[in-house]
Amino acid sequence: MTELPDNTRWQLWIVAFGFFMQSLDTTIVNTALPSMAKSLGESPLHMHMVVVSYVLTVAVMLPASGWLADKIGVRNIFFAAIVLFTLGSLFCALSGTLNQLVLARVLQGVGGAMMVPVGRLTVMKIVPRAQYMAAMTFVTLPGQIGPLLGPALGGVLVEYASWHWIFLINIPVGIVGAIATFMLMPNYTIETRRFDLPGFLLLAIGMAVLTLALDGSKSMGISPWTLAGLAAGGAAAILLYLLHAKKNSGALFSLRLFRTPTFSLGLLGSFAGRIGSGMLPFMTPVFLQIGLGFSPFHAGLMMIPMVLGSMGMKRIVVQIVNRFGYRRVLVATTLGLALVSLLFMSVALLGWYYLLPLVLLLQGMVNSARFSSMNTLTLKDLPDTLASSGNSLLSMIMQLSMSIGVTIAGMLLGMFGQQHIGIDSSATHHVFMYTWLCMAVIIALPAIIFARVPNDTQQNMVISRRKRSL
């Protein structure tokens, strides 16, 4: 990194800053949800829409971000992403109702969707290929620190200021980032093929409508017949996209991707797997505060061991997969995550709070091994010509499945609980216990998919510490 020109190093710092903002925002909000509910006069059972609106918007917008950067320029799009994210943060802080907050989170999600993929594209264009791995390690490190700081920082701001400050802190940082981007980042553009707008709209409508249909009766009071119509419309949009992609060589995502068996299995497993695991970062701080009566700051601190376990496991997961193979690792970690989630609930309800950090550390380790294995299984056998498209589709599916997971978690809470549930009461404990039992089943089900993964015939390359630091 020291051999790079000064202006290139500054550009990498700007990208790293964008990664940090986006990753921090994905975790800082969860700790504040109970306080937001109280301030807005809403039931905590409805607050999952604050998370879903952001993550679903990211999923919808991801396919367009790379094309926009190539067409309009990486500087212009990265600048627009930071501005939209910052404006969304301002509107979030000014929101006086849940509906206003959800709309502001959608605007934030549009900016967040463009930040990370455009940042990766920027690094590819400004750094020589020989230094690409070192540069990506540098810019993604803040993205790993964001989830570590997010829960605790969110807890501090909520407890000692107000929930509005989890959004207000983005404003001065966003202004500085936007100015630095405009002044220092080059505006690379390349010739692009025509954007598949019909395919993009079909996928966007399908994803949004199906997610809305999952929880519309609880959160929005939509009638069952209307929900059935929404579900049918969403499914029809997805089917129309498949027909469109079959006939169109320039489709957003080519159906040739699914000729690779490991990609099909991995994508299906990733979708199902992240529905279950996507519930945990949302449900855990909510349960700690509403179910156990923890303060926001205490609940935020309890999330740190989970992030530390996740970061630590990334260093050894390749060796584990090489030793035991994808099928065994994925089946074991899927079932293991379900068991650890039940262990967490058991330890919490028994009052053994001193064991909770250890259980959450274990949960983070198991979840990280599962995530890394799912990602590499999905992409490892794709031909070079389809690798970029496959990676984009996987990124979209990851965000979509997490939004569905949070939606289902909120739906389960609403099904087992009343309109308002009390803090640290016996009835509340039962609501969360039944919810966690259902979550454990949902988390375990993808093991059926992963049991079909073929035996491995190829070892994964392990990057030494020396190469990591180059």
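Don't overthink the numbers, they just go from 1 along the chain as shown.
Cβ atoms are placed via backbone N, Cα and C, with glycine included.
Record features, source Swiss-Prot:
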type	residues	note
TOPO_DOM	1-11	topological domain 'Periplasmic'
TOPO_DOM	33-48	topological domain 'Cytoplasmic'
TOPO_DOM	70-76	topological domain 'Periplasmic'
TOPO_DOM	98-101	topological domain 'Cytoplasmic'
TOPO_DOM	125-137	topological domain 'Periplasmic'
TOPO_DOM	159-164	topological domain 'Cytoplasmic'
TOPO_DOM	186-196	topological domain 'Periplasmic'
TOPO_DOM	218-221	topological domain 'Cytoplasmic'
TOPO_DOM	243-262	topological domain 'Periplasmic'
TOPO_DOM	307-341	topological domain 'Periplasmic'
TOPO_DOM	363-395	topological domain 'Cytoplasmic'
TOPO_DOM	417-430	topological domain 'Periplasmic'
TOPO_DOM	452-470	topological domain 'Cytoplasmic'
TRANSMEM	12-32	transmembrane segment
TRANSMEM	49-69	transmembrane segment
TRANSMEM	77-97	transmembrane segment
TRANSMEM	102-124	transmembrane segment
TRANSMEM	138-158	transmembrane segment
TRANSMEM	165-185	transmembrane segment
TRANSMEM	197-217	transmembrane segment
TRANSMEM	263-283	transmembrane segment
TRANSMEM	286-306	transmembrane segment
TRANSMEM	342-362	transmembrane segment
TRANSMEM	396-416	transmembrane segment
TRANSMEM	431-451	transmembrane segment
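Same-chain residues lying 6 or more positions outside the topological domain 'Cytoplasmic' (363-395) and placing a CB less than 8 Å from one of its CB atoms are 62-63, 66, 117, 253-254, 256-257, 260-263, 265-267, 269-270, 273, 277, 280, 305-314, 317-318, 320-321, 326, 329-330, 333-334, 336-337, 340-341, 344, 453, 458, 460.
Highlighted: of the candidate stretches 12-32, 49-69, 102-124, 396-416, 12-32 has the greatest count of Cβ pairs under 8 Å to the transmembrane segment (165-185). Of the Cβ pairs linking the transmembrane segment (197-217) with the transmembrane segment (12-32) and spaced 6 or more residues apart, fewer than 3 are under 8 Å, so the two regions do not touch. Between the transmembrane segment (49-69) and the listed ranges 12-32, 77-97, 138-158, 286-306, 342-362, the one holding the most Cβ pairs under 8 Å is 12-32. Highlighted: of the candidate stretches 12-32, 138-158, 286-306, 396-416, 12-32 has the greatest count of Cβ pairs under 8 Å to the transmembrane segment (77-97). The stretch from 12-32, 138-158, 342-362, 396-416 that makes the most Cβ contacts under 8 Å with the transmembrane segment (286-306) is 138-158. Most Cβ pairs within less than 8 Å of the transmembrane segment (396-416), among stretches 12-32, 138-158, 263-283, 342-362, belong to 263-283. Most Cβ pairs under 8 Å to the transmembrane segment (138-158), among the stretches 12-32, 263-283, 342-362, belong to 12-32.
Sequence-distant contacts of the transmembrane segment (342-362) (same chain, at least 6 residues past either end, Cβ-Cβ under 8 Å): 284, 287-288, 291-292, 302-303, 305-306, 308-309, 429, 432-433, 436-437, 440.
Among residues of the same chain six or more beyond the topological domain 'Cytoplasmic' (159-164), those with a C-beta under 8 A of the stretch's C-beta atoms are 32, 35-36, 39, 93, 295-297. Panel annotation: around the topological domain 'Cytoplasmic' (98-101), residues 36, 40, 42, 46-47, 49-50, 91-92 of the same chain, lying at least six beyond its termini, place a Cβ under 8 Å from a Cβ of the stretch.
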